[in-house]
Amino acid sequence: MKSTPKLLLLLLFIINHHVDSGSIVKFLPGFEGPLPFELETGYIGIGEEEDVQLFYYFIKSERNPKEDPLLLWLSGGPGCSSITGLLFENGPLALKSKVYNGSVPSLVSTTYSWTKTANIIFLDQPIGAGFSYSRIPLIDTPSDTGEVKNIHEFLQKWLSKHPQFSSNPFYASGDSYSGMIVPALVQEISKGNYICCKPPINLQGYILGNPITYFEVDQNYRIPFSHGMALISDELYESIRRDCKGNYFNVDPRNTKCLKLVEEYHKCTDELNEFNILSPDCDTTSPDCFLYPYYLLGYWINDESVRDALHVNKSSIGKWERCTYQNRIPYNKDINNSIPYHMNNSISGYRSLIYSGDHDLVVPFLATQAWIKSLNYSIIHEWRPWMIKDQIAGYTRTYSNKMTFATVKGSGHTAEYKPNETFIMFQRWISGHDL
């Protein structure tokens, strides 16, 4: 009996060490047979006491993990789990769209995984997103700038536990709201490499898809985008331009003419799927909906056998939600314009790929083109189509600051609408080839 406290302490040490160091996942419920790639999951503690525990999924490159680039993938939201990227956009697995029957939903292999040519860390952030959690009540409200520092610390600690990847070329990547986080993170890493942190992270650049960049610009370009896509009439477009004077979403309440015209605009567009105007605005609980796998994800990941397989800490969170901050957790959006970070990163010489699904109404490609133009870098390669098997997959332009802009034809707010095309675009760019 006297040895019981020592055994308990030893057990706690083993559990904490096991969680923090990462665990290999060889099988996943819903997938037949062993996984055809190397998956590791785990937590990295943040802060002096490491009370914040950030959860990650790490997948090794299927080609040459010792030399291939190391990517960090952040999903948007803020507060959406990175498994959104893994299972819906650029990972090696996807949920099979089959009517839910009470059993664990099925997983299938994909042909468009970015892990074919890169090692990828899919990180659940901020605190409370996915399986990331805090052991103690938070004193400060999570924020953009706070998460940038947390993610930087995560990377330093993760690489210290995985030193074999320290020399791999590193790229930060993400989409949607990550457009606020990734550019600031790149700047933070760059500064840290010179000031505080050894060994330095081998930072080479960043990748962003349909990035939220400057709320006012992103929103205001929805009007010209809607006109160009024939969603509103010429007459409404000319009237709204004249009476709103380019400010469509933060309208002076005294400007009644503009308010009425904006109301007419919403009548024409509110029933659309704003994430891809070509896709139906459907109920995700319906098996006929393109996004039905999102509904299945909740059943899959909340199944106890799945959480056990992923080595999720049982005392961490209750029911998993794909996006948390939009619903119930306070968050301080203290970066309202990430353009200055892009400018600083350009000056530092980092490569960047900025891509836009050209049927996204949330962050229209026109808005992204506008802020890129505001950087005032000269054009190296003029606007041209990029091709896949003699077919136009989108259009691209490159700039003197090592920035490549590309559209993905027919795609929407995220890569899931055209995953094969987005993968080929990524594969060419990350290899240093022209699109």
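Note that Cβ sites are derived from N, Cα and C of the backbone, with glycine treated the same way.
According to Swiss-Prot, the feature active site maps to SER176, ASP360, HIS413, an assignment based on similarity to another entry. Residues or ranges marked as disulfide bond by Swiss-Prot: CYS80-CYS323, CYS244-CYS258, CYS282-CYS289. Annotated N-linked glycosylation site per Swiss-Prot: ASN101, ASN313, ASN336, ASN344, ASN376, ASN420, in sequence order, evidence recorded as sequence analysis. Under the heading signal peptide, Swiss-Prot lists 1-21, citing sequence analysis as support.
When the glycosylation sites ASN101, ASN313, ASN336, ASN376 are compared by the number of other CB atoms within 10 angstroms of each CB, ASN101 has the fewest. Neighbour counts of Cβ atoms within 10 Å were taken for the disulfide-bonded residues CYS244, CYS323; the minimum is at CYS323. Cα of CYS258 (disulfide bond) to Cα of CYS289 (disulfide bond): a span of 36 Å. Nearest to ASN313 (N-linked glycosylation site) in space, judged by Cα atoms and limited to the active-site residues SER176, ASP360, HIS413, is SER176. Across the structure, ASN420 (N-linked glycosylation site) and HIS413 (active site) are spaced 15 Å apart at their Cα atoms. Taken residue by residue with DSSP, SER176 (active site) is part of neither helix nor strand, so it is coil. With the fewest other Cβ atoms inside 10 Å of its Cβ, the least crowded of the disulfide-bonded residues CYS80, CYS258, CYS289 in this structure is CYS289. Within the set of active-site residues SER176, ASP360, HIS413, the entry lying nearest in space to CYS244 (disulfide bond) is ASP360 (CA atoms).
In the three-state DSSP assignment, the secondary structure recorded for CYS80 (disulfide bond) is strand. Of all the recorded positions listed (SER176, ASN344, ASN420), SER176 sits in the most crowded Cβ setting, with the most other Cβ atoms within 10 Å. Put simply, SER176 (active site) is 13 Å from CYS323 (disulfide bond) when counted between their Cα atoms. A sphere of 10 angstroms centred on the C-beta of ASP360 (active site) encloses 27 other C-beta atoms. ASN344 (N-linked glycosylation site) carries a helical DSSP state (H, G or I).
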